[in-house]
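For 33-54, 239-260, 267-289, 322-342, 362-383, 495-515, 593-615, 635-655, the entry in TrEMBL reads transmembrane segment.
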Amino acid sequence: MRGPLGAVIGRYTSSDGSDKDGIIKHNRKCRDITFLVIFIAFWVSMIVNSSFGFNQGNPLRLTYGLDYEGNVCGSNHRHRDLTQLELRYWLNPNQVYESGLKDGELTLGNARTICLLDCPEPSDDTLNWVCDYPDGEIRLKMDDWIDRNYDYFEFLTPEMRNSSLQLQGPCYPIIFPSVNVYWSCQYIARASNSSLRHWQQMGGVSIQEDMIIDKSIRRSMNSRASVLKRYVADIGKSWPVLIVCGGLVPLFLSIVWLLLIRHFVTAMPWITVVLFNMLLISVTIFYYLKAGWIGDDAVTPIIGEHDPYIHVYGRELTHVRIVAILMTFISAVAILTSIAIIRRILMATSVLKVAAKVIGEVQALIIFPAIPYAMLAIFYMFWLSAALYLFSSGQVVQNNCNNTNCCAYDLVLKKVNCEHCCGYSIRYTPHITVAIFFHLFGCYWATQFFIASSATVIAGSVASYYWAQGEEAASPEIPFLPAFASMKRLARYNLGSVALGSLVVSFVESVRFILEAIRRRTKVRGTTPDHWLRRMGYYTSRGCLKSVEWTIKSVNRNAYIMIGITGKSFCKSSAIATELIINNVMRIGKVNVIGDVILFLGKLCVSLFSALFGFLMLDSHKYRSSHNKVSSPLLPVLACWGLGYVVATLFFAVVEMSIDTIILSFCQDSEENQGNAQHAPSLLLETLDSNHYGEDGY
C-alpha cells in the first residue's frame, strides 16, 4: 500500500532538532539505474554512428550531381577544383534521348555528364561546343577553359574532330537550349535550327530532336530519392533561418508569454485563442502564395533568370499545394473549435491564476528553462550536422553498363575508350538506412529526455511551494532557488527514471510511425483489407495505438511530477499518480483539461509565429535564387515549427507542470486530511470549489 506523502515531502525535523533539511526530504536513493546505463550507452552509440557519417558523407552530394570522373560538382577534389562549377550538364543529347526510351539500353545515370558554371545556350549564327575538362594535349588551365565557354574545338586534332562529330567527344555540340533546374541543366525539347543545320553541314551523326529528349531528366529530377535529397539539403542551406526562427524567436516569445501570464492572466486565454486563429490563417495564406493560387510567387524548380514562357514541373509544388489544402481544413476546424470552447475560457482563467501565483512566488522558474534550452540547442546543432552527413554518406562507384553505348575519347590515352566509360552513382548500403533511423530515433529520445528532465525539476520546485503553505507548515518560506535544488536532486537520484519514461514514449511513437508507414505502403499497393470485419479491426488497431500513445504521454507527465516530489522509481511514481487522478477525477478533470487546451494553443501560437517568421526569411532573395536557393520552403518551415514547439514546450512546462503538480499535491493533501487540504493555497480552493459546485452552470 502507498504510504502518506506528507511523511515524504512535508517539512520534518532532523536528528539535531533543526529544520535545516528543508521542505522536501533528501533521504533518497538512485532509481532505475539500469536505464540510465542504457541511456549512456545509447549516447556513446550516437557518437559512433555520427562519426561514421562525418567520415563517409558529403552534404554537397544532396544538392549537386556527379561528373564523368565521379567528382561531385561544386566541390574541391584532389586533382580537380570544381568549387565554382556547380551545374551538371549532359553532354551527349543522343544518350539522353535513349535513356528516355522504354526499351533503351542506356540509363541516364550512364550518360556522360560534366560540371559547368552555367547552362550553355546554342548560338544563332554558329555552332557552339562544350568540351571535356582540358587534359593531355589540350594545354589549357581550368580558368581559361571556363573563360572560353568550355570550347576548345579549334585546338582539336583531325582524329579528335572526327570523334566529336560521332558524339564521342572530347567536344560535344550545343543543339538544345537548357535551363538550370535544381543545379542540373535540363534540356528544352526545342532544338536550335541554326545549330542543327551547322551540325549537319559538318557531317555530324543524326541527333534525335523530338519531345522525348527531356523526359528522362525530368523523371530523374522528380524521383522520390531526388526530392528527399533536396528537402534534406534545404535544411542545411537554411541553417540561419533555423537558428533565428527555430531558436531565438520562440525563446523570446515563450518568455514574453510567461511574463504576460504572470501580469495579465485574465486576458491571456482570450488573446491566445484569437492569436492562434489569426496565425493559422496567416500561415495558410503563405502556403497559398507558394502554391501559386494567390499571386504569381509559386514554388519553381528553375534557378536564376530564364525565359518566362518556359515552365518546368517540380514535385515540390504538388507537396506545397497538398499542405495548403490541409492547412485550410485545419484552420476551419480550429475556428469552429474556438467558438465551441468560448464558454470554458473563464474556467481556464481561474486555473491559470493559480499558476501565475506560483510563478510570482518561485520566480526562478521563469529562467530555469533556459538551461535545458541551451543543452537542447547544442544537441540539435550536433545532431543536424551529423544528419546531413549521414544522409549523404555512401560510396561513389562506377556503374556497370553496356560499354558500347558510352564510348568517349580519352584525352590522356589519346583514343576512343569503350572500357570503364559508364557513369558514376552513390551506392548506399543497408546499414546506412539503419544508421539513419537510429539517428532519427536518437533525436526523438533525447528531446523527450530533456523535456522530461525539465518537467521533473519544475515539479519538484512547485512541490516545495505547495507543501510550504498552510497552517501545518513550520514556516512559509520557500528554499533559495528551489529549481536548482530540484535539479540537483534529479541529477543525483532520478535520471534513470526520466530516461525510462522518455524511452517508453519514444518506443511507442516509433512503433506507431512504422505501422503507419506500412499502412501507407499497403494502401498504395491496394492490399488494404476488403472484408468489413478485417477493415474494422484494421482501423480499430490504429485508433487503439493512438490512444495508447496519448495515455502513455499523459501518465508519463504525472509520473514525472511524482518523481520530482517523492523520488520514487518511474513505475512506482506512475502508479501513485494514476491512483490519485482516478480517485479525484470528478473534481479536477474538467479544470485540468481546459487548462491544458489553452496551454496547447499557446504552444501552437509560438510555433506558428516561428513558422511565419521562417516564411518571411525564406522569401528573401538569398533563398530564392543562386547558390542558397531552397527547393521548397516546406521542410525548413516545418522544422521551424517543430523547433518552436519544442522550445515552447520547455518554457510552457513552467505553467503546465505548476498546475498539474499543485493539483496532484492537492489530491494527496485531501486524502491525508479527510478531504480537507491543509496546504492548498486559497486561490486553488476557490477554483476547484467553484468548478465542483458550479457544474450545472456550465
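Just so it is clear, glycine is given a Cβ too, placed from its N, Cα and C backbone atoms.
Taking Cβ pairs closer than 8 Å, the transmembrane segment (362-383) reaches residues 50, 247, 251, 254-255, 258-259, 262, 439, 442-443, 446-447, 450-451, 453-454, 457-458, 461-462, 464-465, 478, 481-484, 487, 643, 646-647, 650-651, 653-654, 658 in its own chain, all 6 or more past its ends.
Contact check: the transmembrane segment (635-655) against the transmembrane segment (239-260) gives at least three Cβ pairs closer than 8 Å, residues 6 or more apart, which meets the contact criterion.
Fewer than three CB pairs closer than 8 A are found between the transmembrane segment (33-54) and the transmembrane segment (267-289), and contact between the two stretches is not assigned (pairs 6 or more residues apart).
Within the chain, the transmembrane segment (593-615) has long-range Cβ neighbours (under 8 A, six or more residues past its boundaries) at 241, 244-246, 249-250, 253-254, 257, 268-269, 272-273, 275-276, 279-280, 282-283, 286, 341, 344-345, 347-348, 351-352, 633, 636-638, 640-645, 647-649, 652, 655-656, 659. Below 8 angstroms of C-beta separation, residues 257, 260-261, 295, 297-298, 320, 323-324, 327-328, 330-331, 334-335, 338, 341-342, 345, 348-349, 352, 598, 601-602, 604-605, 608-609, 611-612, 615 of the same chain, each at least six residues beyond the ends of the transmembrane segment (267-289), sit close to that stretch.
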